Amino acid sequence: MSAKSPRPVDAALAREFGLTAEEYGNVLSIMGRTPTFTELGIFSVMWSEHCSYKSSRAFLKTLPTTAPWVIHGPGENAGVVDIGHGLAAIFKMESHNHPSFIEPYQGAATGVGGILRDVFTMGARPIANLNALRFGAPGNPQTRRIVDGVVRGVGGYGNCVGVPTVGGEINFHPAYDGNPLVNAMTVGVARQDRIFLSAAAGVGNPVIYVGSKTGRDGIHGATMSSSEFDEDALAKRPTVQVGDPFVEKLLIEACLELMATDAIVAIQDMGAAGLTSSSVEMAGKGGVGIDLDLDNVPQRERGMTAYEMMLSESQERMLIVLRPDRTEQARAIFDKWELDFAVIGHLTDTGNIVIRHKGEVEADIPLAPLADQAPVYHRPTAPALRPQPMEPIIDPVGVEQALIRLIGCPDLASRAWVYNQYDSTVGGQTVRRPGAADAAIVKVEDTEIGLALTTDCTPRYCRANAKLGGAQAVAEAWRNITATGARPLAVTDNLNFGSPEKPEVMGQFVDAIAGMGEACRALDFPVVSGNVSLYNETRAPDGTSQSILPTPAIGGLGVLEDVRTAVGLEMPDGCDVMLLGE
Amino acid sequence: MKVRVTVMLKEGVLDPQGKAVEHALHVLDFKNVGEVRIGRVIELEIDETDCERARAQADAMARALLANLVIEDFTTEVVG
Amino acid sequence: MKVRVTVMLKEGVLDPQGKAVEHALHVLDFKNVGEVRIGRVIELEIDETDCERARAQADAMARALLANLVIEDFTTEVVG
Amino acid sequence: MKAAIVVFPGTNRERDMAIALRGVAGQAPTMVWHRETALPAGTDLVVLPGGFSYGDYLRCGAMAAHAPIMAAIREFAQKGGHILGVCNGFQILTEAQLLPGALLRNAALRFLSQDCFLRVERNDTPFTRHWAKGDVFRTPMAHGDGNYIASADTIRMLEDTNRVAFRYVAEDGRVDAGDPQLNPNGSMNAIAGVFSENLRICGMMPHPEDLVDPLMGGEDGKPLFTGLVEALVG
Ligand SMILES: Nc1ncnc2c1ncn2[C@@H]1O[C@H](COP(=O)(O)OP(=O)(O)O)[C@@H](O)[C@H]1O
């Protein structure tokens with residue numbers, strides 16, 4: 001076993017890596033020895049909040065996830081629903097909040113890149129992007145810089161890969177001053193008989209690395225996004241990842257080309273914690289072992305260690321398990337698209353992940369306990385402090401003036417300045433662009449099917465009452481979809497909250513999920529994918545930390561059998577106006 | 001007095017532009033080109049007669065606006 | 001051998017990016033900044049030991065690809 | 001009409017273009033990969049579609065202009081072949097010097113994705129024959145670098161020889177190059193598209209191919225394609 005650890009592995013180092021004393025104890029008992037530096041790194045990222053969902057997992061399980069039209073619910077890279085004619089919609093939403101505060105352009109751009117990969121890794125051609133954004137107070141000078149960078153980043157990446165950005169939402173509130181939210185959603189379409197999953201199978205099958213080379217980008221990004229922001233965040237700056245949408249575009253085309261053959265056994269993108277989480281999850285889900293030789297990993301920088309390669313978050317990379325004898329066929333496709341391609345390992349029957357580098361074994365971890373013994377916390381909850389009920393409102397300015405103020409206020413003003421920077425028409429299938437309907441409508445090429453897409457959440461409602469707020473977000477998504485004439489099918493969510501170690505935040509989280517679950521059940525609108533982002537906090541100069549407003553963003557998807565029946569906001573002449581509801 | 005601020009990506013930060021240009025130069029048969037890095041130059045006309053002061057000001061401008069210190073480094077030089 | 005190619009918009013071609021930066025610098029209270037022009041630098045690692053030959057090659061690359069001579073001028077210099 | 005759509009790494013509007021062409025020609029165009037060295041036999045029309053070839057790194061269209069297929073396209077042009085370049089395709093044609101001028105960053109320095117109005121400057125070309133001179137049509141635009149620029153001499157030559165294909169205008173046809181509402185990217189003389197000297201190469205920034213179906217909001221872009229098919233058939 002390699003012992004070239006830059007530092008002795010002990011409880012103190014484990015703590016620096018974000019593992020609690022108890023978690024480190026479990027590592028020791030699983031390994032039966034002191035782990036190597038690389039092994040400790042693997043445990044720390046796999047058991048981070050970001051990868052393990054340790055604070056949220058128990059509660060997420062209470063959400064309804066099934067319906068006759070759900071093909072794959074949570075647990076895969078994205079949710080999959082039946083949209084008829086043998087086709088499936090594949091979609092998910094994911095946050096890139098912390099990176100977007102540090103470097104708004106690249107943070108937002110790589111957020112879009114990451115969610116695109118989650119969707120095309122399952123075999124879908126991405127056909128639409130949405131983005132749900134929350135920023136600090138409009139008057140805060142930082143807000144302008146962050147808004148500008150985030151909007152450019154979302155557009156810069158999405159426009160270049162050629163996926164239309166068709167919707168989203170934006171709110172402003174001082175609670176997001178030091179912690180904006182960037183939640184990106186991608187929707188793709190695949191044939192139901194060509195959906196690709198991540199569970200590896202077939203001892204001896206080759207493990208392939210494709211895409212960009214590995215650099216020292218974002219090492220420990222997964223643990224960073226699980227810890228509060230403070231001064232240290234500044235010191236971590238150079239670990240920001242830079243996205244390359246051009247390579248992503250090539251990767252989409254190359255993967256879809258390979259997916260049209262029967263060469264692939266399993267495939268997964270390298271997201272947070274890169275090579276570690278993709279290899280561990282693929283082998284773990286398949287119940288097999290995996291042997292990787294890092295000497296074969298395409299590297300952008302010299303002298304990278306095993307630890308660095310395993311934890312790098314370089315973008316635009318995928319891990320694929322191929323059928324035997326298909327390596328050359330696959331290589332030809334990636335050569336055509338001028339992407340890196342390397343055989344970096346194979347599947348084994350050991351049930352362990354074994355990492356070799358320069359002839360040494362740098363890690364050898366049993367996969368079953370790494371997954372099964374991942375921590376799960378039922379953290380204490382407390383009722384959230386709710387704002388006082390509002391005083392009766394006395395009309396100070398008159399209805400007309402009030403209306404003018406409302407139209408001009410940051411949360412209601414026109415969003416055209418944002419969505420006009422996003423290419424909403426590329427693909428030629430956008431039936432209702434941003435601003436034209438309550439949900440965006442995108443046609444599925446070569447069919448009559450339309451998809452209705454929306455993102456919704458009103459954080460101030462959630463702060464007033466997290467349960468009702470959670471239910472309201474689901475209901476609003478459902479209404480926006482029905483208003484276009486579409487049949488709501490399912491949702492993806494992005495649960496953005498403060499520190500789960502604060503009982504009142506944990507209380508908001510639990511309540512919001514309860515409300516969402518209730519609404520989803522009542523509306524037959526199951527949750528098929530999602531993402532949790534905790535520790536969205538800003539530390540004030542006085543040492544206290546302020547949580548964001550509870551923000552369970554909901555991404556809804558509905559289907560129109562005949563997209564020509566879609567209804568928008570435009571009111572034809574000579575119509576009667578009717579008010580429905582109470 | 002003219003000061004030139006040159007802004008380059010930090011060592012180790014992915015440079016997608018440089019990579020693409022490197023590839024294109026190889027396709028164009030410029031075989032002995034190795035790494036290519038792409039950056040920005042900003043030429044500032046500064047109303048100042050002292051070189052040191054002009055550079056110090058350019059420095060401050062680079063820090064405040066011209067470079068993104070999260071991913072970029074910069075250098076300043078007086079060019080005229 | 002490292003050669004730096006600096007590409008600037010031709011004199012007389014409007015540089016909206018430069019104008020925007022100029023404006024932003026004024027807003028930031030850098031009052032004595034006059035004209036701002038923005039260009040691109042391309043740093044090329046060239047496998048060559050002779051300075052003149054390295055520059056000549058960089059020159060050829062600039063003409064072929066790195067600059068658009070309809071709107072841009074370029075200079076080359078050996079930097080290391 | 002046999003159309004060939006050239007696909008570079010990073011091209012992303014090739015399918016939009018194929019749908020528009022197939023819709024009017026009844027025949028699917030052939031996709032031609034940038035590494036090919038010849039066009040399909042009997043090609044009547046070469047289309048360079050929109051996107052971000054090579055990421056639009058360095059300069060939009062600069063690297064694509066040197067792709068292997070470009071030699072065949074030059075030859076096709078020399079023999080009087082018809083070429084349409086839209087958005088990135090227009091940028092590539094200028095970088096390849098098959099069309100004059102260059103496209104700079106939009107004046108407002110932002111990507112612009114919105115509808116604009118174009119005025120047809122002459123209708124005696126295969127690209128514009130299904131419009132009348134002076135017709136105004138709506139079309140989406142989606143680009144960051146569409147600010148057309150050329151030397152004063154070139155602009156004068158283009159105007160004198162009537163080689164401006166389309167101009168950005170108000171809905172009523174009014175031109176005001178200084179008004180960012182009407183000339184959104186700041187192009188000189190509000191030029192949105194130009195012709196080659198023989199009128200057989202046309203480059204334009206906006207996307208008529210994305211407005212050929214009432215379902216997507218209209219058919220304003222369709223005359224370009226019906227005109228081409230009619231001119232180039234047989
Ligand atoms: N970040 C964004 N990206 C793309 N489109 C957006 C974004 N924010 C808002 N939009 C679009 O702008 C329009 C108006 O937004 P909003 O006021 O939130 O609408 P609504 O209240 O009808 O949900 C919608 O079509 C929405 O999709």
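Here the Cβ of each residue, glycine as well, is placed from N, Cα and C on the backbone.
The active site, nucleophile annotation in TrEMBL covers D:Cys87. The Cβ of D:Cys87 (active site, nucleophile) lies under 8 Å from the Cβ of D:Arg13, D:Pro49, D:Gly50, D:Gly51, D:Ala142, D:His143, D:Gly146, D:Met204, D:Met205, D:Pro206, D:His207, each of these being in the same chain and 6 or more residues away along the sequence.
As annotated by TrEMBL, active site applies to D:His207 (among others). Secondary structure at D:His207 (active site), taken from DSSP and collapsed to helix, strand or coil, is coil.
According to TrEMBL, the feature active site maps to D:Glu209 (among others). For D:Glu209 (active site), the same-chain residues 6+ apart in sequence whose C-beta sits under 8 angstroms from its C-beta are D:Arg13, D:Asp16, D:Met17, D:Ile19, D:Ala20, D:Leu21, D:Pro49, D:Val86, D:Gly221, D:Phe225.
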Sequence-ordered active-site residues from D:Cys87, D:His207, D:Glu209 with Cβ under 6 Å of an atom of ligand 1: none
Neighbour tally for D:His207 (active site), based on other Cβ positions within 10 Å of its Cβ: 28
For D:Cys87 (active site, nucleophile), the three-state class that DSSP assigns: coil
Subset of active-site residues D:Cys87, D:His207, D:Glu209 within reach of chain A (CB-CB under 8 A): D:His207, D:Glu209
